[in-house]
């Protein structure tokens, strides 16, 4: 099993460490050539946290947006954390256009406040159990479509969800020692292959 990690900007190295800890091979995807070379070998894709506007621009500049979108729509399992969640959203409240726009949800950017307003908590995540959650200016999922399953909420706000082959979290599971959400994603990848 090999999981690609979008490595244009953001917390990609931390995701690679977690996958390594779980005995799963990962590959950093920095451009279209990387993605096309590895696409047939990929069991899944991680879209890490970072700055979503910058990542969206880089995806467009590298001509990666459409090929990645097509792969996701064709069933490639994807895990978007924080900015990665924003990239997957069909609608972003403060923007006119979405990026990949594959997941039926409306997202509000930076809803968890400024960097100084970032926080840590623990909450139940369906299918995983009670897990630690680190929020860094995290987005909030304002609403989800019919086919989207809400996996976790904090303060009555949606912070994790799944729609078919797409898993998202507003928080950064890669910044804790708890690997269960990554294991949940790996299990999704195994089911698809």
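Residue positions begin at 1 at the first shown residue.
Positions of Cβ are set from backbone N, Cα and C atoms, glycine also.
Going through 109, 180 against Swiss-Prot, the one listed in the L-glutamine site together with 50, 51, 52, 136, 137 turns out to be 109. Using residue 172 (active site, charge relay system) as the reference Cα, a 10 A cut-off selects 82 from the recorded positions 51, 52, 82, 109. Taking every pair among 50, 51, 52, 109, 136, 137, the residues recorded as binding L-glutamine, the greatest CA to CA distance is 13 Å.
Neighbour list (residue 109 (L-glutamine binding site), Cβ cut-off 8 Å, at least 6 residues apart, same chain): 52, 86, 92, 93, 94, 95, 139. In the three-state DSSP classification, residue 52 (L-glutamine binding site) falls within a helix.
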